[in-house]
Amino acid sequence: MERNLKNVLVISFGFLLLFTAYGGLQSLQSSLHSEEGLGVASLSVLYAALILSSMFLPPILIKKLGCKWTIAGSMCCYIAFSLGNFYASWYTLIPTSVILGLGGAPLWSAKCTYLTIAGNSYAEKAGKNGKDIINQYFGVFFLIFQSSGIWGNLISSLIFSQASNKVEISEENLACCGAYDCMTDTTNITGSAETSNSLIYTLLGIYTASGVLAVLLIVIFLDQIKSDQAETEKEILETPSFWSTFLATFQHLKDKRQCLLIPLTMYSGFEQGFLSGDYTKTYVTCALGIHYVGYVMICFSAVNSLCSLLFGRISEFTGTKLLFALATVTNAACIIALLLWKPHPKQLAVFFVFPALWGLSDAIWQTQTNGLYGILFEKHKEAAFANYRLWESLGFVIAYAYSTKLQVYIKLYILLSVLVLSMVTYGAVEYLEAKSSPETPTATKKENVGPLTQETHM
């Protein structure tokens, strides 16, 4: 096997093992640690730490440690989060969430840098176009990596389904599920309260082992970047200082279009935060039990992956506006239906319809918003995508922060309001673009923003 391809596969399977654990844990946080909102608070802190990490840590760590050891060290931050879940409290889960958040940005940056260097190296030897090889490598990576959401959630559901003390949910308790939840711990009746500590520890043990295997895979099998690639590495890592990056990010807000895209970018964080933080707890865990959370999130992950591939391909024919309209209608219909629906175990199929439709919408928000940034801000991509990460992460932070303070119906109204505002401001961007040029770039230009569109899922 060609050596560079071997390294791509090592990184891909390392990330698969790592995010099998993290993805499963993220889906369960609001259900496993519902007391005083510890689970969603940890996720809010995690994304806040990620914002800080994105601004200055990646270039520093990659320059000092190199790509291989930055990847390995950052993966250890994810293992710390798994360990923090063994004895979950404010004194263990919050610090490990900060550690994971700080490790998240260097992990993804080092992976991107490594694959880019490997692609350019092979292209130079084979006399091929560097961009083509890099895209092939990223394609292999995401083909393998995207299935992590399926495996992590499948493991949790299979383990929790072994619980022998499942309880019959009374109609009185079911009345506290859904949009008009009781804001009490009644969800624990079908949540972690019915799940024995031994099953939770078994799951966490598997997740921790998966993370350790990921680190060992990287340490043992991933090659260091060769010395003769130093020039390539230097070019990629010639990153501006923290303050210049920080200033460039906020100076970019002078562009009206960037300001108008803030609601749309934050909505991406809001809607993902609602699904993983509120839908899983108040609808699925409350009415069905925690062992169904994994199956529901598998449905979301599978539809999301397939639709991401589909919409990425057809967007050049349909245009961005039509796809955004589809996502808006689908998401709005789901939000209104969730406001009206009273979840009941007899309606099992309905619990899977919502994440499937949510996955379809999220695929559009991820692929098309990233593509929109690449097209509109072609000359200032670094500052533009720094803004993208900043505002989406802020959306996550806010969504998780108010998760335990408000009833679900209020959160759904907030979600619908932000969605409407997003489409109004996006329409203003399209109007400005149409006014400034005879063609609308978002519908007619095609920009290769690469396969990095899924990285916002952490």
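Even glycines carry a Cβ here, placed using N, Cα and C.
Copied from TrEMBL, the annotated features are:
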- 439-458: region 'Disordered' (REGION)
- 39-57: transmembrane segment (TRANSMEM)
- 69-88: transmembrane segment (TRANSMEM)
- 94-117: transmembrane segment (TRANSMEM)
- 137-160: transmembrane segment (TRANSMEM)
- 199-222: transmembrane segment (TRANSMEM)
- 289-311: transmembrane segment (TRANSMEM)
- 323-341: transmembrane segment (TRANSMEM)
- 347-365: transmembrane segment (TRANSMEM)
- 386-402: transmembrane segment (TRANSMEM)
- 408-429: transmembrane segment (TRANSMEM)
For the transmembrane segment (69-88), the candidate among 39-57, 199-222, 289-311, 386-402 having the most Cβ pairs under 8 Å is 199-222
May I ask you to check whether the transmembrane segment (347-365) and the transmembrane segment (386-402) make contact, with contact taken as at least three Cβ pairs under 8 Å and only pairs 6 or more apart in sequence counted? no
Same-chain residues at least 6 beyond the ends of the transmembrane segment (289-311) with a Cβ under 8 Å from one of its Cβ atoms are 23-24, 27-28, 31-32, 146-147, 149-150, 152-158, 160-161, 163, 166, 190-192, 194-195, 275-276, 279-280, 323, 351-352, 355-356, 358-360, 362-364, 366-368, 453-454
Highest Cβ pair tally under 8 Å against the transmembrane segment (39-57), stretches 199-222, 323-341, 386-402, lands on 386-402
For the transmembrane segment (137-160), the candidate among 199-222, 323-341, 386-402, 408-429 having the most Cβ pairs under 8 Å is 199-222
Quick tally over 199-222, 323-341, 386-402 of CB pairs under 8 Å to the transmembrane segment (408-429) gives the top stretch as 323-341
